[in-house]
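Taken from TrEMBL as is:
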DOMAIN    1-120  domain 'MGS-like'
BINDING   H9, K13, T35, G36, T37, T38, S55, G56, H88  substrate binding site
ACT_SITE  D61  active site, proton donor/acceptor
Amino acid sequence: MARIGLVAHDEKKDDICAWALRHKAKLSQHELWGTGTTGGRVMAETGLSVTLLKSGPLGGDQQLGAMIAEGQLDMLIFFIDPLSAQPHDVDVKALTRLATLYDVPFANNKSTAEAVLAAI
C-alpha cells in the first residue's frame, strides 16, 4: 500500500477531484493524505478516505513536505495552476524541492499523475 499526498491549487481542484473519481478503485487501495481543502473535496466528491492536514496556505503544503522528509509519503500528486500567482508560492516551491530532493515520485498534472499511479 502506497502513501499518496494529494494537493491542488484552487483552479485545479475540480481536475484533481475528477481524476481521483476516475481512479477511485485503485486509490482506495492506498493511504491518502491531503491538504485540508483539496482532501476534503476529494473525500466529498469521491467517497475516498483521505487524512486531512491543514489547508495549503495555512501550512498543509509544509506538513506534506515534512512527511516526505521523514519518509512517510511515497508519492505526491500536486495539480499546479501555472497561470495564477499563489500567495504561498514559497511553500509550493519548498514542497516541490523536497519531493525532488528525496526522489519521491511527483505528478504536477493529469498526464504525469496517470503515469505515476500506473507505476504502483
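Every residue gets a Cβ built from N, Cα and C, even glycine.
Just so it is clear, the model here is predicted, and its values are computed rather than measured.
Sequence features annotated in TrEMBL and their locations in the structure.
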residue: H9; record: substrate binding site; CB count, 10 Å: 19
residue: T35; record: substrate binding site; CB count, 10 Å: 27
residue: T37; record: substrate binding site; CB count, 10 Å: 19
residue: S55; record: substrate binding site; CB count, 10 Å: 17
residue: D61; record: active site, proton donor/acceptor; CB count, 10 Å: 27
D61 (active site, proton donor/acceptor) versus H9 (substrate binding site) - Cα distance in angstrom: 11
Whole-number Å value for how far T35 (substrate binding site) lies from D61 (active site, proton donor/acceptor) (Cα to Cα): 7
